Each structure stands twice: as C-alpha cells, then as structure tokens.
C-alpha cells in the first residue's frame, strides 16, 4: 500500500523479560566483583561499511519518468573477516594487561562486530580505572534478563494471500536467515527438520556454526537449523549456572526458544498432538526460512545483558537477516534517555549492518506508558488475539451451565455423573489436617471406592499459580482413583488470574471465575444428604456432565488487544516524559498460540513432555512479525530495515473480522468486560496484514545517520552518544518528529509546526491523492494534496499542524494517500479486493458481499439507512444515497434540518437529523447522546471520554481503515491540544502515527 502521514503511538508483544538490576558478585579480600560492559572509542567492524549502497546500473537514468533508485542493504559482509575480530580482541587483552597489571580479572567476551568492547569481571575500583583510560568510552554495569500455531497463518490470510502470491508455502522465506536470541532450541523437533521437503541450500551470506556438545551432538543442525550457539559467561562468573540443569549448549531446557523459532519459521504441516488429542497442523509464518539460534537465556535464572549483547554481536557477524528478541527490561534504563542502553545500542549497529530487528513490547499492560521497547530503530510488537479459541463447560443437575477452560474430552454423551468433593473422599482423618489436600496432589489421601466412576472436585489455589501444585498431578490422582473426570473450582483468594486452556487426558474443566465456583459449590453442598445424628454424608446428590474443550471455537470479534500487552506512549526517560516516537509499532497474534515445544521444556509444567504447547504473550507476537518480515525480505531483498518496518506499519489493519474497530482490553481482572476501541497507544499502526505488506507501494525510509542525528538531538546526549558509538555529534541534529517514520508523534505542540516526510515509490508510476481526518483541537494540512511519483522516485510531503483549542487529552487523526487502483478488505469474508479509482463499491467474487469504497478527498457526511440501519457515508451536498447492503435509497436531510455534534469518543464532527436522541460515529462506532433540545442546529460538544486506566480516546478510524496496499492511512494523535502556557501562548501535544 501507499503510505501517508498520521499521528499515533506504536507499541510491540510478550517476550523474554529483561530484569535490570545490580550484578551479584563474588567476595574478595578487597571488594565485590561484578561484570561490566566496557565500550572502546574505536569503531567496531560493522561501522566501516555504509548502511546503503546504490547498485551499479540502477541510478543512471536522470529523466523524471525513468530515473530509478533502489534502496539496498549491504551484503552481510562476513562478517567472515576473522583478522579484524582477532585484532580487536588482542587490543582488548593488551588494554586489560596494562591497566590492571598484576591484578586479578576475568575477560568474558570481546565484542567486535556491532560493538567494539568487552565484558569483564572486575571490582568497582578496577572498573573505575578502566573508565579513566582515553581508549575507553563507556563502562556499564551488567544487568539481568529473563523471558516474558496451527491457525494463525489462516487468520493472517497466508495460504490464499502472501504465500500464494509468492509461490506457496513451499518457498515462503527461502534464503532468509532469522536469528533468535532466546532459550535455545530442540533440534530433534520435526518443525526444524529439513527432510519433509526437498533439501534447500544454506544461504551463501551466512557463516555461522553449530556447537557440538553432549546435549547438542553432531548432526543436530541441518539445512533448516543452520546455526546454534550458547552464551553464558556472565552467568557462570556468578556461580549460578548449572550446566546439567541449564544445558551448557544451544539445547532448549525451557521451551520458550523452541516455541518462538517455530512460530516464525517452523516447517509447514506438522501435526499438533497434545495429551493424545489432535489439534490440527502447525506452520511457521515463513516455513522455508532458515533458523540460527543464539541461546542467552535460561530457565533457572533468566540471563544477563553481557551474554545477550554477545549473542547479538555474533548473530550479526554470522550474517543473519533478521533478529527476533523476546526480551524486555523490567524497568526503564536509567540515564538521560531510555534509548541509551547496551542492548539497544548494539541493535542500532545491527540496523546499520542492514539487519531488521524485532522486539516484544512486554507483558506489563494495560497501563499507559508500560511499553518496554523504546528505540525507533527497533520494531516493537504488541499482542492481540486471533479468532480461534477453546472453551469448555459443565452442565449441573439443576440445568445451570458454567463455562471454563480445559483442552479436555467431555464425559460420555448426556450421561450425568455424580460430583464428589475431594475433601469428602478422604481415607484417613489425619489427612483432613492438610489444608492443601483438596488440591488432589496425592492419590493415597483418598478412598477410591468413593471416587471411582464419579467426577472429582478439586480446588485450584495460589499454589497452582506458583507451581507448587499442578493440574497434571491432580489428573494423575484422578486416573489412579478411576475417576470419570475432574472439576477444578477457583479458590476465592486467586483474584484476576487468567488461565490458558490446559491439556487434560481425562474429562475435565477448570472454572476460572470465583463467582462461578461459588455457584458450583452451592449446588454441590445443597445436594448432599447427611445423617441427622452423625452429620456424615450418606448420599452425594449433585450430578453434572462436562461438554469438553478439544474442539476450537471461532469468533468474528478478533483481533483485540490483550490486557497484558504493554502500552504507549513511549517514555523517553525515567521521568516518564513522552518521546516523539510511536510505540508499539503494531500488534500481531500473541494469545493462545500453538507451536513447537522442547521435549525437556520446563517453562510450562502442564506441557512437560509434550511436543507442542499453547502459550500467550508478546513473546509469541514478535516471532509472527519476524516470519512475515522474512517474506518481505525475500520479495524485496534490497529493502533496508526501516523500509521493511514501513511496509508492515502502513499496511496494518484497523478493523476486526466484523469490520468494526479493533477493541483493547483495559483491565487485568475481567478483561472481556473492560474494553474499548483501541488507540495507537494500544496497537500502534494496527494489526499486521501479511498480504498487504508485500505490496507496500510507498515506503518511509530512515538511515543509521538519521538515528544518530536523533540521538544527538536529545539534550545533553553528546557525551553519551560518543561513549556508545565512538562518533561525535555534528552540527546537524533532529527531533523525534523529524525522523522519517510512518508516523508523526508530537508530544507538545506549541501553536503550530510543520513536519516533513519523504516517501519512496517501490511500485509502478502512480498518481496519489491525499485524504485526512484531523485530530480534535488541531488543524492539519498536507501539501501537495496530490502528486505523480515515478517508480523509484521520492516525494516530500509537508504536514502543517495548527492548534485550534485547548485540550488536555490525546486525540488522533489519520492521513491517507490513495492511488489509482484501490484495495480493501471484503466486509464479508475478509478477502483483499481490487477496485478502480472512482468506484463506489465492489462486489466480492468469493462471497458476493458488497463493500463500500471510501472516496478520498471528499468531504463526507453520515446517514443511517432507513432500510437496514447500516451507517452510510455520503458526499456532503448529495440529495440521496443508496445503501450497498439493502439497496434502499435514502434522502439526505437538507442543511437546515440537520444538527451537528462532536463524537464523544474520537471527536469527529457528526451530522444527524434534527430531533434524533443519539448518533453513531462512522469512524469509531461510538454512540453519542445529544441534548434533549436537539432541534438546535449546533449541539454542545460532549466532554472527551476517558478510558479505564487513563488511556486516551480512541483513534479516528476512517472507512479506509481496512484498505491494504492502495491507501495509506496515518494516525494523527494529539495530546493536550492547545494548552495555554504561562505566557498565554497556545501549546498542544500532538502525536501523528501512520497506519493503514
């Protein structure tokens, strides 16, 4: 799709988590040692190569119609130049010998490709000595890190869309290497075998190796899994690394790394069998991509930044095309800006080397400013649901049905089984003193004669959350007692805990709601018959049957932003000042994701011993985008990292499968009951659109030099930039708003400003027209309003912002660029449809649904169809409008018979027939009640609606929000438009983000 400008914030998904903290050291006679990351002033190897180069023969025609420039990533220079690496390592050793002559120290790593530096175990006094050397630019204390499908390819439209367009799943991603910094991989899993399909060659630009250990023997790698290493030196120095438990090899003893690698690039068509049940076939997003694993995180302790930086540095040197990181800091990096930390700065050098970097947003939502991925050169992914889910239910003998979770079979037919509570089936009165006996963890506590053939009721307490008790052990107890099934009720002290479906071999269900659990227990207790004298139970009268939860359910109200997905706006520093950067960048499927699991994985007790696991989090969302980025890289091998980011962002969808605005969950407890339309702070540009991203049209491109100018533009950053990069800040600097991103984010708008954006045409010659929807309280103008752009050419757009009123909350708008041939998503079956410019609607050839086509540049009004109550948009001034759904011709009220009101949610100006009690907004679907005296032509504008958790109002969502590659919608977000400062001048916070 072609891009336009817009205002918004973008955020990323669930992941490995970085826990920043002090490093524990070992006591010496003098002081405590710790690991420090030392950066040298001399540039690393990768900085000797430019980020872009123009290929010979592609910049020789100078006419307006024929000149063609191509963005090109440098070949992944190997990154095989061992002389440079060994020379730099010798320089590091020489420095340590000179500075710490006669003293004890231990060098852990020499970084030379992305960072010229080293990690060393020293005392604080020794670290101070190193920091004073003229060759040294920066010394930073190490910090810790830790970790945060069968159907998602179909939900993303890959089989009929992106895969089909590029030759099918058999070639999807071939030749692209994705590097995973995670917990390792299980090399024996069929998702990583190279035997199901014809062998395919290892890309020539990749030079990585596979470690050989007892846990990772020779032959573990193949033409699919082409590189595997592990990094644990920093952990080993602390004495917390257990080689047996943590596996001193690339082998995954956790499960998380195997899951993320398979999500992005696992083989196609691998059967998913868990607990003896078949749940379909799995595939990665780019099933023919190659995998390189850099293990730097471990189940028992997480990981450390020094090891993560070493892994990133090695991945870049090996020649990966994409780096996927499911790690985030558990607190904001200290200092003048969140961008200045060893991991982000290493990733900046990776971007300079042409590597696309994806990071999970974090699982700290839904509160504002909870985002854990900060830098504009990192593509941050948040987590959303997809349309497949699993539900279970139990029908009680009093005809009450209670819903629950559990990937379990149901009981036989409609047969009702007797319910027996575990605490009423004890075989030893002494066991009654065990307050946890009701959790069913030990079969020896119970009388089998009472349990046999009945449904056993067990309690689910906080001990299950902590891993002290497990569903698997309770099921084993029930099996040993010959129970017909198991019912878990929720302990009332477990508040707000969200359960994923849990695999069960027996009929079973977990009731996650404490209130529903009370309903079950009330029915059970009221049905007991007791001896009048002894009060012993003589009959268990309660009965029930379990429906089963193996069969998937599908919902049209997807995707939606998950409550745990971290939110923007992007905090620039520890004082929570807002950065002029949109985060997350977009959202992707991250909830209830099936993918490969390590056979020895221990991250989820319930999936131990299984080959697949269902996991949730932004860690699952990030690899979805990594795989989709591989498809883009395969089609556009010369795209820079920012060009790939632009293609993903400007083609993202703003609507769910119903065509309604994407919703965002706003609370941890009862998230389904606390949701409202998502804003760019929740979803960035929107939900990833895999097919549309392969036809981006116009792209926004940024270079390493741009990012450097941005860092240098931060007040007081010159010395920090020098310390991290070895480069001095020049005269030219820029603000975050000046970065050529597919969004415009202005945290403080002082009266007016002009923002420039440059678009590059990656498609054929085309003429574009600009359309926009301004944020509340801000006047927006884009110049030029239409333009012709040849293939390969650039066009600079000027966006003028003027604050028109005071406002203390963020508001959002969009700017769209529309080309000759349009594309939109069918309102019926979600197929991408093509239509000629000027078409009013388009009929889908698959489902025959008629979808209205947005008309760019047209001043629009709204009307509710008198036939089917569909909300219609029509050109202002039209006398009638025909509904595309029921074909009713609706007369448009004359101007003196209409009233105006501002939408109570997104502040769009709405027209409605005078006298109507309410009006529904076509942008965000919010229903605004108007004054009782609604015959007045100008109704009072309602106050802005504040969302739970303090989130800003919903983004404006024009009817073009479902467009894919022909129109580019940008989000305009205005925070606090036009506040008045002490001098009486109007100021405003404006955020403009680009989405499509």
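Cβ coordinates come from backbone N, Cα and C, glycine included.
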From 903-935, 936-968, the residue range that TrEMBL assigns the feature region 'Disordered': 936-968
Among 256, 619 [active-site residues], residue with fewest other Cβ within 10 Å: 256
Rounded distance in angstrom between the Cα atoms of residue 256 (active site, charge relay system) and residue 182 (active site, charge relay system): 7
Neighbour tally for residue 182 (active site, charge relay system), based on other Cβ positions within 10 Å of its Cβ: 30
Alpha-carbon distance [residue 182 (active site, charge relay system); residue 619 (active site, charge relay system)] in Å: 10
